[in-house]
Amino acid sequence: MKTLLEVSNLTSDDIESIFNLTIQYFNNTNLNHNILTGKVIVNLFFESSTRTLSSFEIAEKSLGAHSITLNINTSSINKGESIIDTISNIDAMNPDLIIIRSQYSQFIKKISEYLPSCSIINAGDGHHEHPTQALTDYCTIRYIKKDINNLNISICGDILHSRVARSNIRLLSRYGANISLVAPPTLSCNLTGISHIYHNLIEGIRNADVIMLLRLQKERIINCVIPSEQEYSHLYMLNHEKLLHAKKDVIVMHPGPTNKGIEISNNVAEKNSVILLQVKMGVAARKAILHYLLYNKSI
């Protein structure tokens, strides 16, 4: 496997291999620091990122690769060059891998079809997919809960605009998770692989093993679909009182960035979540993915 565009690209063997590598990198941050020596990886992020870009850069450099992040603001795109031409020119320089984030759904898949010999990782495209975040979340849940099968997983928030929700649903449902969506009617959608849709947070997280919170993606909301952030937080913010309706050993997750006071209270974020563990797992997972795509040998 040389390209990762969406969760469906992954076989069960791929996922198991990436999980095993991830846990090894999670437990030993100094593992295999020269395994990608001589490899050239280019990061092209046409949309803002903190965790995904930083974790990829750390993973690349930790494994010995030459890591190049193109500054979009100073690139020739500002001189009128198209994004496709920019990527074509980067590909002509013969890097081993290009990691792309785009605000346009399915755009990265079109790039892959246009440049079939180019190895690409999708680092998030519009509201379509975010496969490396789904792998991070899969590894986090499995690390803590040991098994995905029959877990009650509630994904709460702006489902309509979330690529993280879509990738997680596609991945976790393959392993027997019972997935519920919790969102206002205007931010919900019926996706393959879910068990229930709720519009009440307490009902939606009752008996949950995992709660995955999502922020309001204001940059993608074209028309006003909620009365106000204040009303949204009153109805859908996870606080300590609402959290009591989930299982006692529930894990609270969030892919970031968090908007504390809107979808999650400060108290829950600081004391009851595994958000920072997810961030650490994200570096390990991206090391594992790079290892698997570019080296593809066991440790």
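Cβ atoms here come from the backbone N, Cα and C positions, even for glycine.
Record note: Swiss-Prot gives Arg51, Thr52, His130, Gln133, Gly256, Pro257 as carbamoyl phosphate-binding, and the candidate from Arg101, Arg170 in that site is Arg101. Neighbour counts of Cβ atoms within 10 Å were compared across the binding-site residues Lys79, Arg101, His130, Arg163, Arg215; the minimum falls on Lys79. Rounded to a whole value, the Cα-Cα separation of Arg51 (carbamoyl phosphate binding site) and Lys79 (L-aspartate binding site) is 29 Å.
Note: the CA-CA distance between Arg163 (L-aspartate binding site) and Gly256 (carbamoyl phosphate binding site) rounds to 12 Å. Summary of the carbamoyl phosphate site environment: with the site residues Arg51, Thr52, Arg101, His130, Gln133, Gly256, Pro257 set aside, the chain residues having Cβ atoms within 8 Å of the Cβ mean position are Ser49, Thr50, Ala123, Gly124, Val164, Pro255, Gly282. Around Gln133 (carbamoyl phosphate binding site), the same-chain residues at least 6 positions away in sequence with a Cβ under 8 Å from its Cβ are Thr52, Gly124, Arg163, Val164, Ser167, Asn168, Pro255, Gly282. His130 (carbamoyl phosphate binding site) and Arg215 (L-aspartate binding site) have their C-alpha atoms 15 Å apart, to the nearest angstrom.
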